[in-house]
Amino acid sequence: MNQPITGQGGNSRQPVSRYVLPRVIEKTSRGEIALDPYEKLLRERIIFLGVPIDDTSANDVMAQLLFLESEDPDRDISIYINSPGGSFTSLTAIYDTMQFVRPDIQTICMGQAASAAAVLLTAGTPGKRFGLENSRILVHQPSGQGEGQSSDIEIQAREILRMRSLLEQMLARHTGHTEEEIRRDIERDKIFSAAEAKEYGLIDEVISTRKSSRLTAASSVAR
């Protein structure tokens, strides 16, 4: 079941148009190469998650995590997040990969980390989870609508309960709250400012500039 976490608090529709990305010219020993900003960021061990979380974006993030681990398992990886959330199964795929790879994972919320994206934000390495000062984080329970025969609806209902329990376990693990506290707090949409997210344990630091924070370039950080 590719179950969405509904009510992400953001518009997940694809944009009608977008800013045209410039190409970055980089000189190498073999001459000049043209990179788009995402390729340039990847060279700095930065993954940018700026789309809804579905199977395609999850596979992209997982592939980049595994690639960067193979390049150097002892240097941090940064994930910058501005996402309205998305599929629960895609969330768990990225989450498990983040826990699986050897490098520490810095997570940084820019704009918003809603629903599934909020879980990824808080799943970063303890002490290395950040939010820009005007960012927002939205957390809530997975939900869905049952369809089909009564037996199918019963199966879907059991799966939603399983996903809710798993989500509560994830958030409890990374925030220090009990599963009961998590269940109570996110029964309805719960929106946090960056400062509130820090107080709740979703992030470790609110930042306004790189210089004033513990956030460092991942490409230069060893575990």
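The backbone N, Cα and C atoms fix where each Cβ goes, and this holds for glycine too.
Just so you know, TrEMBL annotations are computer predictions that nobody has curated.
Per TrEMBL, the features are:
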ACT_SITE  Ser115  active site
ACT_SITE  Ser115  active site, nucleophile
ACT_SITE  His140  active site
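Under the three-state DSSP scheme, His140 (active site) falls in the coil class. Between the CA atoms of Ser115 (active site) and His140 (active site) there is a gap of 6 Å, rounded to the nearest whole number.
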